[in-house]
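Lifted from TrEMBL, the feature list:
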| type | residues | note |
| --- | --- | --- |
| COMPBIAS | 310-321 | compositional bias 'Polar residues' |
| DISULFID | Cys157-Cys167 | disulfide bond |
| DISULFID | Cys267-Cys304 | disulfide bond |
| DOMAIN | 68-295 | domain 'Glycoside hydrolase family 19 catalytic' |
| REGION | 300-321 | region 'Disordered' |
| SIGNAL | 1-26 | signal peptide |
Amino acid sequence: MVTIRSASVFIVVLLAVSTLALVANGEDKTIKVKKVKGKKVCTQGWECVWWSEYCCNQTISDYFQVYQFEQLFAKRNTPVAHAVGFWDYQSFITAASLYEPLGFGTTGGKLMGQKEMAAFLGHVASKTSCGYGVATGGPLAWGLCYNREMSPSQSYCDESWKFKYPCSPGAEYYGRGALPIYWNFNYGAAGEALKADLLNHPEYIEQNATLAFQAAIWRWMTPIKKAQPSAHDIFVGNWKPTKNDTLSKRGPSFGTTMNVLYGEYTCGQGDIEPMNNIVSHYLYFLDLLGIGREDAGPNEELSCAEQKAFNPSTAPSSSSS
């Protein structure tokens, strides 16, 4: 027999926020679910703290864990590496948690999340590698070998930005981070987004691995120009190419992520080594994560060899070099 009280409790439970307990990496992680304007949104404890539709999906720690990070960056702490002890999984997952509510690693299902990890970290590994042809473990095992440019050729101060992002006396804006940042205007923009004074203290990036990963993920998730897509939106299929994009051979593919991040430094130059190296890291990481490079798509989707650059540069590039 159902009493009025028990029925009331049942209704309250139905109206209350749903709570599901999951275990990730040995820690309890609570999923809370509610509806906002008829749309399901969730939070997931420390890892997905804002109400978001993306937080209803698996989070990064559900499918990408410490041992996999160690496999992908197996040689980063060898004695000959240049950032021994700097990079670790905890720094990455802490940084990632800020962007998971925005869809980083949480767009679509598990497979898309794994592929985005392979894509993003493939870029990272290529840009921070000290691997070479006969290196121990192979040339693709040496990502996160660096956290800074070792022999800067200049200070990377562009005085044309002196009113918005003026160079700080004594500051050096050489490449630092997981997707290395160059130039005062890029440090200024990243610092504004991350609420860190990177314009006056660019060295923060090489002193704090979490901040370095945050800056890299911010670059991955953020369009360089408002009318253009982010690398994330390109990769997960949120972006729909225009007729001009199609004519420029730019599509929703891994190859186009290189275009929007590096432009003509990497793309539109034929099968050059910088492009092929990034692609090789992506395919290698797909294999290590158990997905297999067969899921990467045909070569024309992996390559940007014939693409026209989103942002042809006549001055210092606003993307990572």
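Backbone N, Cα and C define each Cβ position, glycine as well.
For the pair Cys267 (disulfide bond) and Cys167 (disulfide bond), the Cα-Cα distance reads 30 Å.
Ranking the disulfide-bonded residues Cys157, Cys167, Cys267, Cys304 by other CB atoms within 10 A of the CB puts Cys157 at the bottom.
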